[in-house]
Amino acid sequence: MDSKLFPEGVQRCSFGQFLIWTAVILGFFTWGLYAAVLVLYNGIGTTGLDNYFGFGAWITFDLAVIALGAGAFFTGLLKYILKIKQLEKIINLTVVVGFICYSGAMLVLTLDIGQPGRAWFGYWHPNVHSMLTEVIFCITCYCTVLIIEFVPLVLEQKQLNKIPFIHALAHNMHVNMALFAGLGAFLSTFHQGSLGGMYGVLIGRPYAFREGFFIWPWTFFLFVLSAVGTGPVFTVLVATFMEKLTGKKLVDYKTKALMGKIAGTMLSVYMFFKIIDTWAWATGYLPSVGLTFDDMFYGLVYGKWLLYTEIIICGVIPAIMMITPSIRNRPAMLYIAAILACIGVSINRYVFTVQTIAQPALPFDSWQVYAPNWVEYASSIMIVAYGFLVLTLVYRYLPLFPQERELNN
Amino acid sequence: MQIKEFKIKWGMVIDIDKCTGCGACMVGCQVENNIAPMTKNDPYNYVQALTKDRDEASNKLKTLTWMNVYELSNGQAFPDHETAYLPRPCMQCGNPACVPVCPVIATDKNEEGGIVSQIYPRCIGCRYCMAACPYHARYFNWWDPLWPEGMDKGLSPSVSVRPRGVVEKCNFCHSRYLDAKNEARQNDEDPMNLADGAYNTACAEICPTKAITFGDLNNPEHAVHDLAKGPNAFRLLEKLGLAPQVYYTSEREWVRKQGDNYNADGGGHGAPSNSHG
Ligand code: SF4
Ligand code: SF4
């Protein structure tokens, strides 16, 4: 029915199947939308957040998706600035995934702030000392850059591209894409870093506070490294998931392995510094404020197992797997490593958000346990559904995978 | 660490040995500053019925209590068990954790005697300041403020009522400071050199045991000046370096030790019991 709109020379499922699939996604989306409307109408009291946990599931979700969306800027940087040609096989997908992650994060933030109508105050009354101001600037600017990077893909839609003006526009945008890739890389690096810096500057929160370099605490650099160490393989996972779902080959394995190699290298660098940082924090900073390493952990939800899982099982192990060619070249192994790395970065973002404020800084205070409620889950699922929806439409109608034709013939 | 200093430094000295934990300071603060009580149902909100009820006062983690009284315990078994009560307003830190993080300068350490202010119409409600404050001195308006019928007639005209979605906190009853300065001007006195007691906070005034003393820490003529330098005076979380303008004093060593992370006995969070509110 809509086959005229498909990219050149590819097969897509029937319109009926497509409708059923979209309806399922829309079901989840609507549930989340209902939660979002409740939050906007009734207030954030509807969530599981409280005076103890001003930050919670939404911020964890935001930080995690933004880290995982880092494939966009980092792959763009390598492809356009360092001219690694192989990456053009997957660059479209990284842009779309990045766009979904960033725009999704911004939607969640609108729900998360108590006065969404004042969101623009970050530009109007900026506090240059606040890492969050940097985040607000970078996230909005970078989201714009991602839209600019996304547009040529839309313009390349088969029917649209027949119009000479649009064809020329798409071509020109492509030619200048290096500029946006550079700008995006700059903005996104700062943004990822500021998200880490946000926690590192919390002088009252010993779990997160770090000394640093110039105005940036170490967490600034650790967040950048952890994002570039996982973002690229997250895109690989998305591509593979789409392959399984559609039963087609979309990206050749050589490209995936290259992404694995890039992520593995960055993850190794990250792990090196993360371990030093954790050591210095535990043996230097904590004793200096009268605390011990053990004081930072409590029970199961805030246990040390989180730290060890993050660093060893979801850090060192996948890093080794991805930098070792013989392991990396076995698809199953690469995917396992990629999944571990993505879990690791999510744990990192969780502990920095929740454990940081759960740890009772006051000696006579006690640990509090935070549990998000359905409103927070549902609105986060809405964002995931939104991501599925965008990917579905992009896959069906836009030339997302340049190799698809040749790989499936 | 950069500690902001101004000519006048309003501060408090709270004598823990005098505090009986009666909670009068919490009530005084509530009334003085138009702090909305928690009410379960909002008669004006029809969509409320579709979701869970608003929180009521029993949920201490969603109530607004600028002044909060903590219960401390020495952790010993009966008959050696001892308790103490620790009232906690905003510390008006000299090196506040909350001020530099706010993206929109809604909160500031300012020259009004070093009080950390909060501009409600500017706050975007991101709650970064709440995450930053280790004293839990900041409170978020989770729900639209609502006063049970009749109670709204008792609202103070000097203090703005905060809308839903912004953060608020103790500001040492700032409207009383403005009143005190105006009165000084009317009497041809120097508003920058108020006499001890000319400006007092609601909690200090209402305290039946006079456990709370308020004044200018920089002014030798004010009682707090010497009290803060007393041999048993201490500040909360001194080691983290936030430099509070609220001091505590207690003759009991175990109380003073609980004021800061103390690891001489090998465990930082030694006290097993405590409570919110
Ligand atoms: S006690 Fe908390 S809210 Fe008050 S000034 Fe210090 S850091 Fe800020
Ligand atoms: S909640 Fe308000 S005062 Fe606090 S950091 Fe955000 S904007 Fe600033």
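Using the three backbone atoms N, Cα and C, a Cβ is placed for every residue, glycine included.
Note that TrEMBL annotation is computational and uncurated.
So that you can see what the record holds, here are the features copied from TrEMBL:
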TRANSMEM  A:18-41  transmembrane segment
TRANSMEM  A:53-78  transmembrane segment
TRANSMEM  A:90-111  transmembrane segment
TRANSMEM  A:131-155  transmembrane segment
TRANSMEM  A:175-195  transmembrane segment
TRANSMEM  A:215-241  transmembrane segment
TRANSMEM  A:262-282  transmembrane segment
TRANSMEM  A:302-321  transmembrane segment
TRANSMEM  A:333-357  transmembrane segment
TRANSMEM  A:377-398  transmembrane segment
Distal contacts, the transmembrane segment (A:262-282) - CB-CB under 8 A, six or more residues away: 74-75, 78, 210, 218, 221-222, 225-226, 228-233, 293, 307, 311, 315-316, 318-323, 328, 337-338, 341
Ranked first among A:18-41, A:53-78, A:377-398 for CB pairs under 8 angstroms with the transmembrane segment (A:333-357): A:53-78
Segment-segment contact (the transmembrane segment (A:90-111); the transmembrane segment (A:175-195)) at 3 or more Cβ pairs under 8 Å: no
Recorded stretch that, among A:18-41, A:53-78, A:131-155, A:215-241, has the most CB pairs under 8 Å to the transmembrane segment (A:377-398): A:18-41
Among A:18-41, A:131-155, A:215-241, stretch most in contact with the transmembrane segment (A:53-78) (C-beta, under 8 angstroms): A:215-241
Chain residues outside the transmembrane segment (A:18-41) and at least six past its termini with a C-beta under 8 angstroms from it: 12, 47, 111, 116, 374-376, 378-386, 388-389, 392, 396
